[in-house]
């Protein structure tokens, strides 16, 4: 429309021209002085002359702006990370994750269709596409198994989290988010699907809002959530897919520390290259496999040991770099990619007529593209290969028998039996012959001329391996041995030669490239060597000496004809004349006294030809003067630098020295540069360089120097030194792999190949900080097996839980704490401290509820961790002699008792003691294991003696790798039925019922409870561990006996008042009470009155209870009526408010239309 205002472009030629015009206009206004160009258009000179004219209008707004700028600056200052981004980065991995039936495969097909204009029939394995001029993407569908999700979280760069909008969040979604948090938390974007099932717009809006806020609670506030509103012809809407693809194309990924320190590879192709004969002879033999994929992370060094997730640790037998199957387009400037540059590489999917299986490659050529009737030539290279394989001219053995080969250029051709052929031309029979005469005989026996291409042999591009054969062979064999020259002089021995050798070599290569002599025997032609003046060995001359030594010039050998040369050389060794050596040593200091320049001896002026020597007085004087001047200049620079440093430190302290101007730091802060900087005046705040910027600049410079040094090396030497860089497409060959890997290979389960550091190849104990997940239904028991995911590995081990006391003692725990961290000691493959830990109790898919048991991190590595537990031993004394007692029942043998000699014990009454010695059996009437204990007071026979001690716990050594790729895949469970709408709890979270147990899959070590449940047995019961009511017999104490002499000496009130027992009752006990008649009548009257009062009180209480019940029924009916009334009133108010809001909206809409 004409009234629309479009945003002006900020890029391109027009935008640059507009910006230049505005800048020129602003400069003119600033110099003229009459224009009000504003802050952006004024000239710098005008701003410096009148700074008040360019200040802010609002002081509060300026304060907020300064705070905002400082906050942005602080957020920017994270710890600097060395940028290890390669020149051509590998494709970014985009993982599509979601529960079954949510639309993962459909979304991948739509994104691939958008990027490459090609359709996918099935989604299997990684799919690599060119998404832009500088970006490639690899789409992977996340497996449904828990092990597959754990592996996917380790290599993914961007996660597309698919959520069924009609059903809500499911358990798999939250489990995968928790797995991501442990392994680095890559970028996550949400996608809502199945939104076309909503008929009510208001309900759809509320559902979107609820799911968005729930998604933000798990990720972060403002996380991107896309909505796929519907489908058309089995695909999502093109505009919505375009928006999602644009967001994916501009995502920036921060490198994770674990991936930056380890090389890894996501296998997009897998082949079993074991010889078929060996497999046929022994189907269970070890296999030889190859894995293809892009190198990621850090550089992959040669000879590294790799971990195949789900298989195990294996050394790499061979690493080779291959051409990139999906290269980026050229560096030419253009707006979009053409059709040839929209590449798609999906080896496991049926795309482009090629399908890679685990042991074969299938080429699909449609029938309508070929016509085999007649002698028509094939249309393309693939058709030529198929026709050549279908109709061979002769058998392979016949072709080899009729072939001829020539080893040397001047030699004779040999047949298969080694008999020389007199004819120099090629044989008339079928087969491959030499090409000396320019003819090339293919399998069909037809000859061609020199201009015939490799395709004339009838094998398409099969002969292309001959191109550059000599150069590749020379590079291969030259790099096999140790390059001593490269280590000493810094120049590789395989570098390109200089001078006449270089010209000869370039001519030889040019000759091969021009096709003048394209024969295989040139591989065996000796390399010509020449010298500066002597006769060179001619490789074409049959009479030339067969030697590899360089021909030396006679002038170099003439000096050794002197008889005294050998004697002078002999004096240089320990067997020579030591007196002559002493004379030379005495003469050397005198020669060096003139200065440092005399060390170099005589030299010659290359322009005039005049020679100068150490004995020249003029030369010595000139060198001394130059040295004095340079020494004075260096001293002046050092003094100026020290003065500048002192001035900066006095002005701003260490912060001022740290935040020096960038110009002074870059130029070394010399004296003259400091003077220039001081003359220019104070620099602008934007020109100052902080410590953070200095660190980043230093790291960038160091990286640039390292890259420049590596770029100067030969390709073979660079690969041997730094390994294969990230972004290279590699082929890894592994030997000795289990046969189950090939038998149970599933392309839908991506294979992760991770590199291991030397320290990670060992096994030992790791100390973990572990916390049970708050959604896991049970506490974790000590010594119950758990499946851990640490680094690349997934293994099963038996943890021992502990907690650290104040005295740094690790006390064993029987169960994990409810809502707190604890220590866990686990035996397994070592991982560096700080690595994330994920613990899973069972990988079965038929579990109902949360499956992640615990999360944590590696604290450290300990070869022998000390974990102790409390030990409480109980015994009773059976013989007491003053303060010494024999205690039995505490130990079972004399040897066990001897280990606790010197231990402290305590009785129930609080008397402390010490174990002195273990008693022999039958000493004092005690049993085996009795001890002699000394107490601080006399114990009783009824006392119980306790011994509290700490005993070290033996840690189990169990390491069971999780080899799920070597087991048959479990039967996939059907997708569950979904009901529209969210869950009842209103949080958008729903858990599916547990499906039936699926056969197959990896089975690990089971817990004790699972074993007892399978055997139908309960927990063992011990008689002394059962809780029974405590029965205590009353204790009878002996009467207190005081001696008679002591009683006589005591005062009267302290003497015991004990009467002798009576033989008959006392007078008070024998006396009877007799009431008078009046007293009897009074007692009877009081009793009657009490009975009447009690009867009236009972009637009153019963009546009050009836009244309370009646009142309660009345109150309940009134409350029910009031609740109904209030509900109706609220409905009326809400209805009136809604109608008023609608009327207000309609009125507002009508006013806006007017």
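Cβ coordinates come from backbone N, Cα and C, glycine included.
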Item to complete: Select from 1047-1067, 1068-1088, 1089-1109, 1110-1130 the stretch of residues annotated by TrEMBL as region 'Disordered'.
Response: 1047-1067
Worksheet item: When you scan the chain for residues with a C-beta under 8 Å from the region 'Disordered' (1047-1067), skipping those not six or more beyond its ends, what do you find?
Response: 1040
Discussion item. Please count the residues of the compositional bias 'Basic residues' (1143-1154) that DSSP assigns to helix (H, G, I), strand (E, B) and coil.
Written reply: 11 helix, 0 strand, 1 coil
Worksheet, complete the sentence: Helix, strand and coil residue totals from DSSP for the compositional bias 'Basic and acidic residues' (1056-1067) stand at 1 helix, 0 strand, 11 coil
